[in-house]
Every structure is written in C-alpha cells, then in structure tokens.
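Asks: Relevant sequence annotations retrieved from TrEMBL are reproduced here:
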- B:Asp134, B:Leu135, B:Thr136, B:Arg161, B:Gln177, B:Asp181, B:Arg330, B:Tyr334, B:Tyr335: L-histidine binding site (BINDING)
- B:65-421: domain 'Aminoacyl-transfer RNA synthetases class-II family profile' (DOMAIN)
Amino acid sequence: MAEEDALKKQADLVRRLKQEKASSEEIAEQVAKLLEMKAVLSPEEGKHKFVLKTPKGTRDYSPKQMAIREKVFTIIIDCFKRHGAETIDTPVFELKETLTGKYGEDSKLIYDLKDQGGELLSLRYDLTVPFARYLAMNKITNIKRYHIAKVYRRDNPAMTRGRYREFYQCDFDIAGQYDAMIPDAECLKIVHEILSALQIGDFCIKVNDRRILDGMFAVCGVPDSKFRTICSTVDKLDKMSWEDVKSEMVGEKGLAPEIADSIGEYVKLHGGLSLIEQLLQDPKLSQNKLAKEGLGEMKQLFEYLALFGISDQTSFDLSLARGLDYYTGVIYEAVLLQQPKE
Amino acid sequence: MHWIKLMFPKTSCRRQHLPIWQVCTQRAFSSHLPNQVTDGRVDQPSPQAEAAAEPEGLILRLPKGTRDFSPKQMAIRENIFSTIVSCFKRHGAETIDTPVFELKALLSDNWGEDSKLTYDLKDQEGELLSLRYDLTVPFARYLATNKVLKLKRYQIAKVYRRDQIITTKGRYREFYQCDFDIAGKYDPMIPDAECLKIMHEILSALKIGDFLIRINDRRILDGIFTTCGLPETKIKTVCSSLDKLGKITWKEVKNEMVNEKGICPEVADRIGEYVQLHGGVCLMEKLVQDPKLSQNKQAMEGLADMKLLFEYLTLFDIVDKISLDLSLARGLDYYTGVIYEAVLLHQQGDHFKESLDVGSIAGGGRYDGLVTSLNPKWGEVPCVGISIGVERIFTVLERNTGSWETLRTTETQVLVAAAQPNFLAERMKLITKLWDAGIKAEMFYKKNPKMLKQLHYCEERGIPLVAILGQEEMNNGVVKLREVSSREETCVPKEKIIEEINKRLGK
C-alpha cells in the first residue's frame, strides 16, 4: 500500500510540474522516476524500453573496450610489481560509519544503501579510507600495496564531459616509517614510469609541499584562518590568470591587496634544484621554520629524483595547492602538456 | 603525521599497552582528482577535525558477510582466476564488464522470489537501484541494450546477495562469480556441450578433487510433473523442494510437498518414482520407452536433446563425469532447457559420496527467453552458460595451506643492498638501471640499512638475488651478486650487471 501511495504522490508531482511549466529536464527526471515506480509495481506494463540502459553515470564495457582496458591495466600493474608492491582487495561497500566524516562536503555524494533492517552501508567513495581501515583493523605498520578497483560518487555528470559515477581508481601507497623522501621519490618514479609506458604524450609532474605553502602564506601575512580558502583560490591558477585569481582573493575572500601581491611573487615560481636553493636563501622564507623544513626536504627529494633519472619531467611548482585536507607533506600532480585534439 | 590515527582515532588508543604508532603515507595517485562539484568545501571543517569529534567506541569492522583479501589471499585468488581465464580464452571467449548496480526494476522482475535477497540502494532522489545479484541478468540486459545477436563472453566479477552467511562453506554476501555464456541461435546442443566441456576442464585444472556433473532438462521435468498430474501453478514450488533432495531424504521432501505445499500424496508418490532416478544413456533409453512419459511432447523433446547431448559429451570425452539426475531442479526461473550442476565427491570406502560441505561448485543451463523478455521487439537470442562457484572453490583450496606456503605475494627479483653506510646514492643509481631495464627490484627506504635485515627480507619474501654495493666493490668497478638460496656470491663488472641478472633469472 505504501508503494501505491508513493506512486500516486509521484504522479501528482509530475502533473503539477507540467502545469507549472517546470524545466523540461526536471519533468523528464520525475517522469522517469514515475515509470520506474510503475515498472516495479506492475512489471508487465511496457517496462522494456525503460530498463534497457545502465544507470545514470555508469556504462558497460564492450569486448573492444575491455581489450584496451586490460592492456592499460597490464602496463600499470607491471610497473607496480616492478617496484615490489603487493595487492589487496576490500568490499565494494563499507559500514556507513566508516565513511562518515572523512570527505567533508563531498559526503553528500556518497551512495548509501537502503536500510533493509541490517547494518547501514555505503558504497566506497575512494580507496584510501578502505586502505586506512584495512591497516587499522589488521594492525599493519608497513606495507607497499596497489589496489585497482571501482569507486562510486553521486556526482552530477556534466552532459558534455561524460563524467561517470562509477569509475576505476588505481592506487599505490607506501605505509610505514622510513627515512625522509626516499619512498616519496619512488612514488614519483612510478608515476613517471607509468605515464611514459602508456605513451599518452608529454607530461609534467608538478611537486609542492604543504609545509612550504603554509610557510609562504604565513610570511606573506595571510591570517591563519584564511589559509585553506586562499589555498583553494591559488589552486585555480592552472585554469585562471593571476589577475583573476588575485581578484578572487581580494574581492571574494577579503585578503588585503598587498598580501595578495606577496603571494603572487611566490606562486608564479617553478623550477628545479636551483629554485629550491634560491628559496632557501630567501630572506622572508628562511625565517619560517615550516617553510625551511619543507624546502630542506624538497631539496633532498629533487636530489633523489635526479638519481632516479626523472628531473626533466618534474617541476617544483609553488602554485600547486590541491586537495590539502589530509596531506601533510609533499603533494604532486601530473599534467599532460599537450591537450588532445577534439 | 598521525594520518591514520586521525582517521580512526579510537582504535590505536584502545588499550594502554599498545604504542601509538605513527604512520606516514604517501600517494602516487591521488584519490582527490579534480572534483567536479566542490570548490565550496574549503570552509568546511577538515575531515581530521570531524573524525576527532566522533563518538566513543568506534569499532572498525567490515559489513556482515564481506571480507578483505590480504596479499596472500590475492595471490591465491589470482592463481585460480588465471587458470579459469586461460580456459575461457582457449575456447574463444571475449569479456565484457557491467556496472555493479542495475535499475531495480530490471532485477526485481527476473529474480522472482529471490529478489528479497537483493541489496537495494537508498532512494536519494535519483533512480531506484539494486546491486547485481548475478551476472546473467546484466548479460541479458547488455545483449538487449546493444542489440547483440551472437556473443561468447566470460565475465568475472563480484555479485551481492543478502543471504545466510556460512563462511566455512564459502558463503558470503559479496562474492565472485565466473560466468561463461554463449548467446545466439545455433544447432541444438553443440554450444551446450561445449559449456559442459569447459566446466569439466576448469574443475579438473583447479585440482580440487573428484567431482560429478549432474544434468537434467526443464522440459523433462515439466513433462514429468504434467504426467504425474501436478498442476502447473505448483511446479515452481515443487522444484524448490526437489532441489533439497541431495541434502534431505525423499521421505522428508515428500513430507514437505504434501504437508507444506498442498500436493496430493499420490501425485507426490508418482513424482517420487521418477525423480529418484539417475544414470547415463541407459536411463534415457528407459525413459523414452516409458509408457506415460512418451505421451508427453515436452518430455520427449527434452529427452531427444538429452540423447544428442550425451553423444556430444562422449565425443568431448567427458561423459564419465556426467550423470542424468532427474531430481536436479535448480533455483532460477529463467532456465528453459538443459540444466547442470557440479558437486565435489569424497571417497567413502569403495565409492564416492557427494561432499556436502560446500554444496555445488558450478552450475548453469540454457535460458532462451531471458533476452526476449527484456526486449520483445528484438527477437529471440537463446543463451546457454555456466557459472563457476569460485568462492567455494577458494574455500576448499585455501584449506590445503601447505600448497600455498611458498606462494609469493610480490614478484621482486633483485634487492639492491648496501654493505656499508652512505651508499644510498649508489643504490638509487643502480636500481634505476634495473627498473629501466624492466627488472623487478626493491631497495630499503633507509639511508644506512643493516645488511642482515636486508638479507632476511629477501628470505622472507622469496627474492632470489641481492645486488650488493660497498666500498671495495666501488673501487673494483664491480657489483656483488648474491644468490639467496645458495648464498653464493659473485663479483660482476658494473657494465655487465644487467646481462648477468637476466641470465640468472633465465630470460
């Protein structure tokens, strides 16, 4: 009975939306939902066309796509194995409480399972939290593992870009206490090896460090409370010009223009060991303990990258500021240098 | 740096005597790829802050009926999958993949009674979704959606059922299925025979012990029921009782049919006369001659195809493991023709008895109407297939721990080590040469590691070679290559090290 009531309510909603001349997208969405509910209640009535598709944001892989995918995964896994990694697997869903509070605002994008009288469950959102849960549950202090699996996010797929709600992640992590920067350097070597082997074109790996960023903000006079919000603006430098970024900092985030200018002097810098040396001598930065620590380790890192033969494709880039929530030290991001032709 | 501790703050502090361990974690590939939605999130409290504010007594556990796979279990699993996939490929199959959830309306319609065992997703103002219950319905949907008329495909993926959990029998709520199906209109029984041949090949190759493949046919069963006077409406429910015949006696089954399902005792008795029969070709001959059954068109059709199948199975050389078993009913509604199930046998005295502990380890059948039911305008796409119960096989094989002890979880071939302090740079240079030459190599993440620890690590991990650097070696322009198993050490000129390593690895 409850289902029939819900069906009636849905039908009323559709009628009302049409009367109010709501957007065609919204009407289509609610009509689809109505058809769905009808299909569940009375299976015979023309549900055929309706169910012949994959859920929104997901797709099938044809044999040809699978062949390509398998080839790509083989290249990636070969590299992980060449570096001595083991692999693990975790369930597709976790207890809802395991995922709660880990993703900030993104939590609204998590797929929850229906309460069917048992535990409350959610589909995994990434592979990092399950990894942390695995380590904690099994009291593991050292492991080098890769994990290739699908994750789930209820993103609103932009129609043109074909973004998916179910998609693969290929993660590699080294957990354990080791001497500074050696495992970090190996991670970058792995990124380099994989991107080279996949032959997708020229790329550059941008490297920065949270301590350097925070130190830089401090010496420029950014108030502590604004660190993160300014970070997110700085992060847009890869898509917007400095003028626009400065404008956002001053106009939207209430930063004094002089402070913004100071930041501007730093974040436009990128280079290699010589830049790091230069910054270590910088009169302001060298006074900041955090920045000095970060720069000292960055120097160490770049020396290792030279030994690993990958200096050419790495760049110490002060404008890199991404996803700082749980990062505590070095951060990096690889970008393709040439956009593929449309 | 207490990253993990910040994520799960109450765990490491639970007991006083446990040290608070610090864990440093680096990412090579960030999970936080450019996120489409979230520039607004910066003003939210960080996950760390929120995690620290979580209620007391947060217990870390897995959802019921699921499990993690450790590196060792993954190595075993990978071994099993590679045997299975080789067999599928040997028979010319392609592979596809489908999403982990489907529209609820698709699934609830095709799993009948079992749909109360599906995991549903919460209605979050989008589509109503359910996690897939098997790989067959998604396969049929794939065929219908893409208007495919012929396809021979395998798919290995996890499926989800809110079923009773019996971990000792390998019964979980999240578990792998390995499916192989042939879709398309072909001459009768040839693809069906190949499916059984594949099942036989795989179960033999996995070396799990002796097994038996029971086969039957829906048409024969339906014919028997009709001949015995069973009303059509009771067929489904009688099938589900019959299915229990391996685990309980006929008396108990008859009891259930009569007392719980309202079947007339005489009808039950008549059914009993047939379904307790099993055998080979002779049984079939006998049934074809049966005065009552030979009047039933469906049964005769089924028996004729069964005869053909047995001929083919003989040509495929597997008939000694096949038994026509009239009590085999198999759960799912969508089977229309031949059905089969493989069970493990164990030796009891002179003869083999069915191993009841894990239940069936593979199954399948023909299902000609499924694709049409999804897309009636597209025409018929008959299908036949098998599903390997790999979790149950995994459980059986995991028990033989002896055979897995030497199975490695990594494939590292060389450990680049140093005998003395201050050789980090040299180790890095050498290991880069090895990696660039495709050699699998590791080195300790310590500036000055201890030799003994490095050697122990090799023994633990089964790493066959150690490339040792030291002052003497540097001075002489050599690398000392040590074979871990024999402990023999040789000095190899630097320029020849890769050649020598490849030689030792037998490339």
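Using N, Cα and C of the backbone, Cβ positions are placed for all residues, glycine too.
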Asks: Long-range neighbours only, meaning 6 or more apart in sequence with Cβ under 8 Å: which ones does B:Arg330 (L-histidine binding site) have?
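Replies: Expected: B:Asn216, B:Cys239, B:Asp243, B:Ile339, B:Glu341, B:Gly363, B:Gly365.
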Asks: I want to check the contact list for B:Tyr335 (L-histidine binding site): same chain, sequence separation of six or more, C-beta distance under 8 angstroms. What comes out?
Replies: B:Arg218, B:Gly365, B:Arg366, B:Tyr367
Asks: Give the helix, strand or coil assignment DSSP yields for B:Gln177 (L-histidine binding site).
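Replies: It is in a strand.
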Asks: How many other Cβ atoms sit within 10 Å of the Cβ of B:Gln177 (L-histidine binding site)?
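Replies: Its Cβ shell of radius 10 Å holds 19 other Cβ atoms.
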Asks: If you count Cβ atoms within 10 Å of the Cβ of B:Asp134 (L-histidine binding site), leaving out that atom itself, what do you get?
Replies: 18
Asks: On the three-state reduction of DSSP, what should I expect for B:Tyr335 (L-histidine binding site)?
Replies: coil
Asks: Using only the residues recorded as binding L-histidine (B:Asp134, B:Leu135, B:Thr136, B:Arg161, B:Gln177, B:Asp181, B:Arg330, B:Tyr334, B:Tyr335), report the maximum Cα-Cα distance in Å, whole number please.
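Replies: So the maximum pairwise Cα distance among the L-histidine binders is 21 Å.
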Asks: Reduced to three states, what secondary structure does DSSP give B:Thr136 (L-histidine binding site)?
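Replies: The three-state answer is helix.
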Asks: I want to verify one value. Collapsing DSSP to three states, which class is B:Arg330 (L-histidine binding site)?
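Replies: The residue in question, B:Arg330 (L-histidine binding site), is coil (DSSP, three-state).
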Asks: Could you tally the C-beta atoms, other than its own, that fall within 10 angstroms of the C-beta of B:Thr136 (L-histidine binding site)?
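Replies: Excluding its own Cβ, the number within 10 Å is 25.
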Asks: Across the domain 'Aminoacyl-transfer RNA synthetases class-II family profile' (B:65-421), what does the pLDDT come to on average, as a whole number?
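Replies: So the average pLDDT across the domain 'Aminoacyl-transfer RNA synthetases class-II family profile' (B:65-421) works out to 89.
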